[in-house]
Each structure stands twice: as C-alpha cells, then as structure tokens.
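Visitor: Questions regarding the structure given below will be posed in turn.
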Amino acid sequence: MAVAVKTSGGFCNAQQQWLHSTRDLFLYGYSHSNAKECKSKKTKRPASLRVKATSTKVELDFNDPSWKQKFQEDWDNRFNLPRITDIYDLKPRPTTFSLTKQRTPTGDEDSTPKDMWNGYVSNDDRALMKVIKYSSPTSAGAECIDPDCSWVEQWVHRAGPRKDIYYEPNEVKAAIVTCGGLCPGLNDVIRQVVFTLETYGVKNIVGIPFGFRGFYEKGLKEMPLSRNLVENINLAGGSFLGVSRGGPKTSEIVDSIQARRIDMLFVLGGNGTHAGANAIHDECRKRKLKVSVVAVPKTIDNDIPLMDKTFGFDTAVEEAQRAINSAYIEARSAYHGIGLVKLMGRSSGFIAMHASLSSGQVDVCLIPEVPFALDGEYGVLQHLEQLIKNTGFCVVCVAEAAGQELLQNSGATDASGNAILSDIGVHMQQKIKTHFKGIGVHADIKYIDPTYMVRACRANASDAILCTVLGQNAVHGAFAGFSGITSCICNTHYVYLPVTQVITAPKRVNHKGRMWHRCLTSTGQPDFR
Ligand SMILES: Nc1ncnc2c1ncn2[C@@H]1O[C@H](COP(=O)(O)OP(=O)(O)OP(=O)(O)O)[C@@H](O)[C@H]1O
Ligand SMILES: O=P(O)(O)OC[C@H]1O[C@](O)(CO)[C@@H](O)[C@@H]1O
Ligand SMILES: [Mg+2]
C-alpha cells in the first residue's frame, strides 16, 4: 500500500530533507543531523504530520496526547492481514493439520491445563516488530516516529497453524512458482510447502515452471508434485521448477489461475515477485475468486523491508567470503598485491557489508548507500596507495550497485524492468591500474567477480532452517484463509505481513546504523569524500 506523507507548516526546516520517503519515516525515523535541528526548535514545533494511506487517513499531531493511539490504529489497519472471508461469507472447519503425532503434554511441563493445550496459533497472537527503545533520534540507527523518539508498540501477526481452516484439503489444488533470479533455498521451500500441504491432506499439488512465464508460455506444462518427488531436491541448489524474469500481464496470469482451478498459489521471489503476487491477489479479489496468494521472500540481496532477512542471504554471504578469502590470499602472496572482489546486490550493499564483516580480511568496503570518490586527496585510490606503502597488500570489496554515479549508464533494463547496472568492478580495476602506473609504483591487481557462484548453490544450515519454517508457515497461512500475505521473520519471530507493506521500496543498508559502523571499525577505512 502506498502511503503519502504530507507535512504542514513550521514543523522543522529540515523536514523535506529527512522525509525522503514514507519508508524513511517508518523504518529510519529522523536523520541524525536534521533531528538535532528539529530538537533545537522543539518549543516552536507545531508538529502536525499528516499520514495518509490509501485505505486510511490519519492525522498525526504530536501535540495531541492521543497521537500514539492514532498511529497504532493506522498501523493495525495497515498490517491487518487480508483474508478470503473479506469477500466471501465462509464458515471455517476444524483443521486437518494434526499435531497429535507429537506426544501430548502431561500437564507437568507447564501450567497449561492438559485439555486446553492444542499447539495452534491464535489469530490474536502478535509479535512485537521493534524492540529497541531509542532515547533520542540521535542514537545510532534510531527509528523514531515522533521527534521525541517515544516508544510505540508495533505489533504484527504471528505465523503458524490455526485451529480452523477455510479449505477442504481434498478439494484443493495448490500451485508453487519461483520467480526472479536464483537463490539458495528455493528447493528447500518448495519441498516444505509440498510436505505441509500433504500433511493437511492436499493431493493436487503442481509446480508452475519457469516463474510467471509458466502461466502463459505455450509448451510449458505444470508439474505434478508430491513428497516422493521432492524428497531430495534440497540437496541441490537452483530451483526444481526453474525461474525467469519478465512474463505475462497480471490479467493473463489470473486467467490461467482460473482456467487451472488453482485455489492456493505459493509465490517465491524478491521484491518484483512480491509486487506481482500483490497484483495477482488484487485481481483475484476483483474477480471474486476464492484463491489464497501467499508469498515467501527470497533474495540473496536481503533488500525486502521490515524483515530480519530473506532466505538465501546467509548462504550468499558465506559463498562471498570465500571469494574474499581467495582475493586476500592472492593479494598477500603478490608483490604489492591488491585483491578486488565485486559482489552482487542490485540496489543495496548487504552482501558486501556482511561478507566484509564475516571475512575480516577487507580493507575497503564500498556500498551503494555510501557515496565515495575514487580520485582526489580523500579518494579510494589515495587510500590504497597508503595501504600498499604501509602493509604491502590490501583487499577491496565493492558491491555491484556501488559508485554507479561514477559510470556511464546505458539506461537498459532486464525483462522485469530492473535497471542493468554498469560494471563498477571492471571500472575500479582499470582505475587502480592506471593510478599505480601513473605514480610509478608496481601494483599487482587480482580481480575476482564470483557473480552467480554466490547464489547457484545449496542453502547452508541456517538458511535451510529458515526455508523450512517459512515454507511450512506459508501453507498454514493459506489454510487459515489469508491472501496477499508474505511468510517471514521479524525480530526473530515468524510472522505474516501484508505484501503491500513490503513492496514500498527496497531495503538498504542504514549508513547511520551500527552494522555499517561495525564494518568501518573492522576495515579501518576512512570516509572517501
Ligand atoms: N511491479 C510489478 N508488478 C507485477 N509483476 C512484477 C512487478 N515487478 C516485477 N514483476 C514480476 O515479478 C517477477 C520477478 O521480478 P524480478 O525479476 O524483479 O525478480 P525479484 O522477484 O525482484 O527477485 P530477485 O531478487 O531475484 O531480483 C517477474 O516475472 C516480473 O515480471
Ligand atoms: O539473474 P540476473 O538477471 O543476471 O540478475 C542478477 C541480479 O539478481 C540478483 O542476484 C538478485 O536480485 C542481484 O544481486 C543481481 O543484480
Ligand atoms: Mg528484485
């Protein structure tokens, strides 16, 4: 859901600068420098902030003692999970997802009376999304709603199996589709979705081949799926179903869903896929179809907002640090060796930052969120010169989206409409060569671009567990009658979020947050500007 923020008179001069987007408001709060300015003008502050959502219109005036309550009402409204009962008058039935294989507690383990224990999640259960109480907007990484950084509880819906379900399992046709680029863990999620559907009693499970294209391209047949068939697919990387970018229009996808009589659609993908899932959900509602569309956030880039991480990210970081390790060994073994590694991340530097942190071998980490100069007194090249002089070798890790403003851009896009980036790695390699040649100092540059190697691999242990839980919860969400939701992890708890809330903008590294500062402490790099 798009949320427009309007400001009115005299709130703070810096207001336009710090409310870059609604995402800034809800995810990052005030920027430090501007927040200081706001603080200093506190007494003059009329503090009227209008938060206008497409389905709600909330006026927030921080001088109004009930502003928190208004914020929370708006929050609850935005995070309310869409359900098929919003458009259908349906009676639930008791779930067929049995927990009885587990030994029923005797009652000795805890104080729950034996006959009241059921192991299901209530629709009223919530998880707290934010747990830090920032004392002021100037605290590192502060995410504040009002200028005083007051504590406001932000609850989201807990994921898991419900006691009541809204589908007859033996009548359900469920489909799974994997979209976008590859990501470690896709097969783990497919496998768990199939296992869990079968546990409910679903017999008709199909895979849509090659992303959204599988709904449309002639010759691409849906693939019947079963526990037997998917039992071992998690042992390999990639997607058992295949992936793709681009594809048919939403209306064509929904025509196909209707023609195939699909009741539940599990959509695995990144931010583009989530936008697609949301459009499919909306179109199904418009046509009054009883279809649950449930997404599972997949992307090595970790750029989907509000959640702790997306599956595949941990594995990509682990693979990426192998490349850094090789660059380190090459650089250290060469006379005046410079190891340069370019890592993926379409619009954010999470992989580069985390791989730099985890390897501990990086002297300079460059990400798109933090602009830098290559040339000049404070530029990267000057710093490399110093490192070579002092240590004899160094390692640079650059995110693929970093420094795009230094390069010529073709303006080209891929089939999904994503911008095709210019190659910062090759550019830096050339610049470093030219620089050292120019100053007459020998430098041996070893450039490593692991590209697809960081994602065309099997999920590591932590991703495999995440995939297992997210896949199972996706099925529980569909049976509970939710649609237009995503199954994710927030603040270490497994939750459902409305897809509308995670497609506002890509999540980016907070350059004022602790993680980036930890990375700077680790590399020891200065500001390059
Ligand atoms: N705004 C949108 N509305 C509807 N469909 C979309 C939208 N954006 C992308 N899609 C569709 O979603 C699919 C995947 O999108 P995209 O290629 O951007 O990958 P992604 O899901 O962001 O994953 P990755 O992290 O690998 O980039 C494509 O088939 C594309 O057509
Ligand atoms: O698979 P493609 O189209 O080459 O896309 C590569 C892009 O996909 C990602 O792996 C995931 O979005 C990005 O890190 C990268 O920019
Ligand atoms: Mg994307």
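All positions are counted from 1 along the displayed chain.
Here the Cβ of each residue, glycine as well, is placed from N, Cα and C on the backbone.
The active site, proton acceptor feature in TrEMBL is assigned to D301. Residues or ranges marked as ATP binding site in TrEMBL: G181, R245, G246, G270, N271, G272, T273. Annotated Mg(2+) binding site per TrEMBL: N271, in sequence order. Positions annotated as substrate binding site by TrEMBL: T299, I300, D301, M344, G345, R346, E400, Y452, M453, V454, R455. Residues or ranges marked as domain 'Phosphofructokinase' by TrEMBL: 174-476. For 98-117, the entry in TrEMBL reads region 'Disordered'. TrEMBL lists G272 with the feature site 'Important for substrate specificity'.
Help me picture where these features are in the structure shown.
Guide: A coil conformation is recorded for D301 (active site, proton acceptor) in the three-state DSSP classification, outside any helix or strand. Here the Cβ of D301 (active site, proton acceptor) has 29 other Cβ atoms within 10 Å, regardless of which shown protein chain they belong to.
The DSSP secondary structure for G272 (ATP binding site) is helix.
N271 (ATP binding site): 24 other CB atoms within 10 A of its CB, across all protein chains.
M453 (substrate binding site) falls within a helix when secondary structure is assigned with DSSP. Cβ neighbour count for M453 (substrate binding site): 15 (other Cβ atoms within 10 Å of its Cβ, all protein chains included).
For G272 (ATP binding site), the Cβ neighbour count at a 10 Å cut-off comes to 21, with all displayed protein chains included.
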Visitor: Of G181, G246, G272, D301, G345, M453, the recorded positions listed, which put a C-beta under 6 Å from ligand 2? Please answer none if none do.
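Guide: Near the molecule: G181, D301, G345.
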Visitor: For R455 (substrate binding site), what is the tally of other C-beta atoms lying within 10 angstroms of its C-beta?
Guide: 26
Visitor: Measuring Cα to Cα across G181, R245, G246, G270, N271, G272, T273, which the record gives as the ATP binders, how far apart are the two most distant ones in Å?
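Guide: Farthest-apart Cα atoms in G181, R245, G246, G270, N271, G272, T273 are separated by 13 Å.
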Visitor: Determine the most Cβ-crowded residue among the binding-site residues G181, G246, G270, G345, using a 10 Å radius around each Cβ and all protein chains in the structure.
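Guide: That would be G345, with the most Cβ atoms nearby.
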Visitor: Within 8 Å of the Cβ centroid of the ATP site residues G181, R245, G246, G270, N271, G272, T273, which other residues of the same chain have their Cβ?
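Guide: Once G181, R245, G246, G270, N271, G272, T273 are set aside, the remaining close residues are C179, G180, G269, G276, S416, N418.
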Visitor: For the C-alpha pair, I'd like the distance in angstrom between D301 (active site, proton acceptor) and N271 (ATP binding site), rounded off.
Guide: 10
